[in-house]
Amino acid sequence: MKSALSVVVAAAGVQQASATFGLLGGGGISFNFGLDWSGAKTFPCPGNVVNKCTPEQENGWDWSDVATGSLNTYAGFNFGGGWSCESNFGKRGDIQGRTFGLGKVISGSCDQGDEAGLSIGVGASAGIDAFSIDSFDMSTEFDARLEFHYDMPDGSVCKQTSDCKRGGSTIVNKQCGGAKKVRVIYPKQIIHKGISFSKKCKISCHKIKWHCGKPTPKPSTSVLTLPSTSTKVIQTTPVTTLQTYTTPSQQTTTPEKETTSSKETTTSAQQTTPGKETTPAQQTTPSKETTPVQQTTSGKETTPAQQTTPGKETTSSQETTSAHQTTPGKETTPAQQTTPGKETTPAQQTTPGKETTPAQQTTPGKETTPAQQTTPGQQTTPSQPTTAATTTPATTFVTTYDTTSTVYTTSTKTITSCGPEVTDCPGKTGPHIVTVTIPVSTTICPVTETRTQSQGVPTTVILPSKSETTVKEQPTPEQPTPEQPTGEKPNPVTSQPPQSTQTPPCPPVVPRCLNTFVDLKAKCADNKDASCFCPDKDFVKNIFDCIYAHGESDNIISEAISFFQGICGRYIPENPVIATGAETITQIITVTGTPHITQVPYTTVVVATTITENSSTQTISTEVTIPNIVMPTPTGGVPNQPPATASVPAGQNPPPVTGQNPPPAVTDQSPPPAITTGTGGVIPPKPTGSVPVTAGSGRVGAGLGMVLAVAAFVAAL
């Protein structure tokens, strides 16, 4: 069975952080997650509102003190739709409600699709003005799906859908708090082959438990902070750095036209301050005694020299850092030892890195003392990744993308003179030839690529590596301000995603639901902390239920589910619920049309689960197409590195991972997506069986859709 679902995206956030679509495919649109995202208002749920209860509610309602017969009022509440109280004697052959034993129940019949249903609401004499139900003990005439619609004080409706068994089910409410009325509805049922449903269903309520008291406090977490004069936690991402090598020598390099007295005092760096980018000076500022730089090349890691000996003479270079000022990068490593000397060797390779750490204070003079104080930023050391190998049956990778070709016309023009209004005429000194290139037409062609991974080929996936974070002290305000270097500031080496002022086109229900349950979960910094909440199965299920509870229409629900799946897509290998958890919701909503968003890459992911029941094995394959979304690092949070990815050429199987650390490469500020780039595949570890996940490449297209396909086969053991 296949259900076509629409996909559109939206939101907004804090500190102008950006999220980028399409990092799987190397492109896409950047959106601004500003205060509208991080500061989104939470929905009222039983865990975050003050729930006043009457003494009767404190103990729960089991109807033992209710007279049999028609029920219209009880404990100040109004009962509508045809409730009646009856004794449950457990007649022979009657299994309805037997899970809850004998006793009294209240029952009523509902017509399919009747929005009024059976209702329970606050009356004038209830003594309270709102309520939060913790759970219902319910049973139905036959196994069926029920809906519970809560009428909220602001006029909105909070919805919950739950399956109910004939023998009895306990239905827990986690979404709707502070309601005025609840309506129990028998909705249109999900059609299964060979099963038909009656147009009317008898529903019985055995007990109601109420959520009473103050809001549930957010679980506390302990944060280890080292003693310091000033502590500041900054967000960092494991990134590649550049490496500096400085070696001592026995000779002093002297410039031809500039010499200084041998008695001059060595001038060392007086002050360095931490910053967020390394700024090499483009022009040399000669000092009394400086070590020249002969060559600048990029390396892998930035570390200061272990031993540096100042010399007596000064030379300048086109690329060197002034001896009076060093602007460090995000992470710093102080010089280990500095000793005086009479001869200076030029640095053989010196390059500013993305992350450098100078010494905070160095005592100038003929003898230079080791650094007394260093202030590195937060340093993250990723642990060795763990690997899980899985042998899977043949897997088909389907990659859909667009190819774009543009036709240009080129012409050459000669400028011999200009009008009087042109003050700087290029033809003033003679004929000037210019070339003009104009795009004529652009053609976009859809391309679909299909390839199959051979059966039995082992594929290894690098699971998310955990990071150790150390917070070190920052300099106090009394630290002297260093002299700024002269020269023009060059472009930083760091590659960052572009900042955008465009708000993501997703329904507001997404950030509101995230904030609602992030507030009830420990450790997560905010609703952008995807690495914290996406691997949590219960959290993901709560978000899907919240989207259904508060989505204003079926189209909005569909769009919001797809957007949330895009946020958590990279974590599907470790949490398949991201792909499969919304299946029930997508089966009961009706989507009209197909909303589009241009230039949004997306990936098709297939999750296969194997279920063994009695003497048969059932494999269910769920296919979901999701947008590629990378959330920015949350404010004040420590980013967790997402699962590593593998990139393979088209038509080939993903290469096995040996477990060794690959050579570092320059990365973006945002962590890379965990779903494969190109046409690679990701195979997750086994949670409860074989759950392979494959992913096609991201593509840039004119439309965006989500397809859930459930295919099953049964093989007798």
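For all residues, glycine too, the Cβ spot is worked out from N, Cα and C.
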Pick from Cys445, Cys534, Cys546, Cys568: the cysteine that Swiss-Prot pairs with Cys513 in a disulfide bond. Cys546
Cys524, Cys534: which one closes the disulfide with Cys532 in Swiss-Prot? Cys524
Tell me which of Cys506, Cys534 Swiss-Prot records as disulfide-bonded to Cys568. Cys534
